[in-house]
Amino acid sequence: MPQLSLPIPNTTPIVRRSASKSAIFASDHDDTTFHDMKGVSMPSQAAAAIVPSPIFLWRFKVVLFLLWGVFCCKISWDSVMRMSVDLRDLFLYEAFLYYNPLLLVTLTVWLWGVNLWIFSQSWVNYAKVFDLAQLHLTHREIWKCSTWMTIVVPTSMTAYLYLYSHGEVSLAAFQPVLLYAVILMLLISPFDIFYLSSRYFLLRTFWRIVLPSQAITFADFFLADIMTSMSKVFSDLERSTCRMVNRQVATIAWFEADSICGSHSIAIPMVLVFPYLCRFFQCLRQYKDTKEKNCLFNALKYSTAIPVIFLSALKYHVLPENWVGFYRPLWLISSVINSLYSFYWDITRDWDLSILSRVFLFKIPGLLTNLLYGRAWVYYWVLGTNLILRCTWTYKLSAHLRHNYLTVFTITALEIVRRFQWIFFRVENEWNKMTQKQNLELIEAAKEEDRLLGSAAHSI
């Protein structure tokens, strides 16, 4: 039997189903509701329904990122296994030389983003400490950069391994050259892309570090300190660039240690010592401006790294018996002095142990605040790891120990992690000094105001 649809009069309440609940609209609101609905665009409603949630997008990106990582690892492993056993180590060593400095830079950028995130959650105003512009990069922009670096660098390395193992030597040699060229062009590009103001702030700071002809700011010596932790990165960048310029990429020309880009090159200790020399001259410049003797003692600390680097390099240029009987004991003594002096300076000058870990007192307390703020184990962890990694850092500075590239890479990565935790307490200490200075200035201003008011009342 056919169903009849009867018209519903305007005076009858309309019952509408919204999800599982019914809503009754009285008849006197029908016209208003109808006119409101006319102003809503149906395509915009459909678009709003189609747009996925931010959480879904984030999870989707994470899944794609993990799939890409698995794909790169699989291709790289298969490419390495195609090589003969006798050539595999040399093949890996060369590939590792080109890409390990960029991987370590990527790690540094990731950790710097973590530093900024912690500072943004705490009461430490890092933008004021570094005298940054109002539109400076936050941890989100830093993590975007590090994410792209994490994608691009391993992809280029995978392409290099794949092409080389399949006989496309010329195309394989082009991969690191292209990557280095693109990074350089992005860094110095004058166009307003890829955070122009931040890139130029970084380049200006580098220039001020190389030529400390002006007063040293906190950002100047802060970046110079980070450069000392990355001296091995700069050394590998120099060797990689040397091979690219001399067209030795994916060839056996560099296997000779005494070649222009070999492991016995004098350029290696020169590049390793360069960040320490920059920091040394910064300290002298600070002493000239402030006349503080601590600047001279700080300069002495950086100078202790110089004999460690050059005594190690002498192994390749002196007789073996002279190295074992004379130069190696000197190298060991200078290594111990440098490690202990640097550790002492960290805990007595760069940090203020009386307020250590206050940086983890967040504006909105959470898990990290409960775990790290005011905990005794943070003291022991920071002191213990700083001492151990200060000592192992000498291993990386020594050119005669760099043949074990995986060990050196691990120690360099650990040194970057040590510098990452050093940043928390160094920036916190600087912020506390600034606030204390401001408080003293306010107190002095209040006293001066009271004195003037008192003298005025006395005159009346």
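Using N, Cα and C of the backbone, Cβ positions are placed for all residues, glycine too.
Please treat TrEMBL annotations as automatic predictions, because they have not gone through curation.
Annotation comment: TrEMBL describes 56-77, 97-118, 145-165, 177-197, 251-278, 299-318, 330-347, 359-382 as transmembrane segment. If you look up TrEMBL, you'll see 259-458 marked as domain 'EXS'.
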Q) the transmembrane segment (56-77) and the transmembrane segment (145-165): do they have three or more Cβ pairs under 8 Å, with pairs 6 or more apart in sequence? A) yes
Per the Cβ under 8 Å criterion, with at least 6 residues separating them from its ends, the transmembrane segment (330-347) contacts 297-298, 300-301, 304-305, 307-308, 311-312, 353, 383, 386-387, 390-391, 393-394, 398, 422
Near the transmembrane segment (56-77) in space but 6 or more residues beyond its ends, with Cβ under 8 Å, are 147, 151, 154-155, 157-158, 161-162
